[in-house]
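The block underneath contains the structure these notes are about, expressed in structure tokens.
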Amino acid sequence: MLNSRELLLSKYVNTIKKDDNSFRLFHSIHGGLCEVDNEIYKVLNYLKKSRLLTDIYNEFSYIDNSEINDIVNEFFEKGFIIYNGQNEIESYREHEKRRINRIETGEQIKAIQLVVSNKCNYNCKYCFTNSIYSSKEREIYQKHDKNQIMTPENAINYIEKVIEKIIKANNKELSIQFFGGEPLTNWNTIERVLDHYKNEDRLKIDYSIVTNGALITPKISEYLKKYNVPVIMSFDSPNRSHRYTNDGSDSIKNTIKSLEILKENNNYIAFNSVLSRDTFDYFNNDIVDFAQNYNVSEIGILLDLNPSFYKDFNLDDIVNKVIDLYEYGLDNGIIVTGYWHITYQNIIMNKSIDRGYKTCSATGGQLSIEPMGVVFACKGSSGYFGNMNDLEGLLSCENYIKYASRSFINSNNCINCELIGHCSGLCLGAIEKKYGNIMYMDKGACDLYKLLIRRLIEREKNIFRYDIDESK
């Protein structure tokens, strides 16, 4: 087939020149990050105008035809080379339509954020519950007397309803994240859920818990270890804190005490660390050294949810801070990640269009279930879907379909963006609050993501490389 049709380099192929014989390429929709030598780059560049395969043979007569065939076939399979006249964005839109038509089946549910408690023992300066909400439903339910603590019976009931629905949609896995408030203010429910599903064989369940860590005890640590529950602790820096207990004292002593317990039991520990206007001045590599001391495996950098951060701070300064910490972590055996890094991982993949969601499960891939059964997109979102008492109605409601579609549909302003197939943009809660429209593209945040991803690509040391001599 390739012999008889005109071929063309996709307009969605992006090039970053490394040196005179190294070019890094990725596709805005399909990913497939790779490096090519100058000869392969010239072959691909020649296809910026439509050509027959015989045209390529003639233009590059010094390269064996079999090698050219290998090159063309390889990059055709990756989606980098297309047929002349092929409408890639139309194919992308058709893929979106097919997924929208399946949303009501529950297929899009990849995760449950189980808000077991809306109580918290801390009073953090920049907690999003104090600033990000923007819907009447959030105003009603956040402090509702019956929406503070989830009973074990309700938790299991909610999970059962989701499992029964998604296995009919042929989903094989479900992530359950215990969330709050502070989830450990309701340890009883967490313990009951873990025990109830210890022999679950209908699908694979992965757990995690997001906690400030202050209430961790040896028993809790052992239980979380027993059920392979990663402990994601909210922690920004060993030098200074904006996280305070309700009596106004700094939280660092509590953090250290909990980390010592978790280290003793060899729990998997990750930090959620916020890089924001509040933490910018003291956010540095010290957190990696601190993490090493307590066997913390991973640091997730959460970028500021407030869009003004990307206007008020120099983007190069933000990117440099992230890259410095990322590379320092690599050098010291600590994984440094974040939603920004998931975008990068998506670009490394081939044909990544088929995954469940792009970066954050909250952007179309999860149900955030509150204690009394009301459901939102995320604890950090005001997007309200309904109640677990009517899961079928919830999945067919206009708002759920709109949010679930957001996992694979971006703003129309993203059409020509190099990250369109890999990035979900700024946090939904921030977009809701600032713009009142989850399809809005915040330019400041987008400019930061593009700059950060390009820096990661430029500095990556382990990229698959194609050389003309190795294509025989």
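Placement of Cβ uses the backbone N, Cα and C atoms for every residue, glycine included.
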Inset, instruction - Look at the [4Fe-4S] cluster 3 binding annotation in Swiss-Prot, where Y339, C360, C427 are given, and name the residue from C378, C397, C446 listed for that site too. - result: C378
Inset, instruction - May I ask for the distance between Y339 (site 'May act as a redox switch') and C360 ([4Fe-4S] cluster 3 binding site), taken between their Cα atoms and rounded to an integer number of Å? - result: 6
Legend entry - Cα-nearest neighbour of C378 ([4Fe-4S] cluster 3 binding site) within the listed binding-site residues, C120, C417, C446: C120
Inset, instruction - Pop the Cα-Cα gap between C423 ([4Fe-4S] cluster 2 binding site) and C120 ([4Fe-4S] cluster 1 binding site) into the table, whole Å please. - result: 32
Legend entry - C360 ([4Fe-4S] cluster 3 binding site) as reference: those binding-site residues from C414, C417, C446 with C-alpha within 10 Å of it: none
Legend entry - 8 Å Cβ shell about C414, C417, C423, C446 centroid, [4Fe-4S] cluster 2 site members excluded: N410, S411, N413, E418, L419, I420, G425, M441, Y449, K450
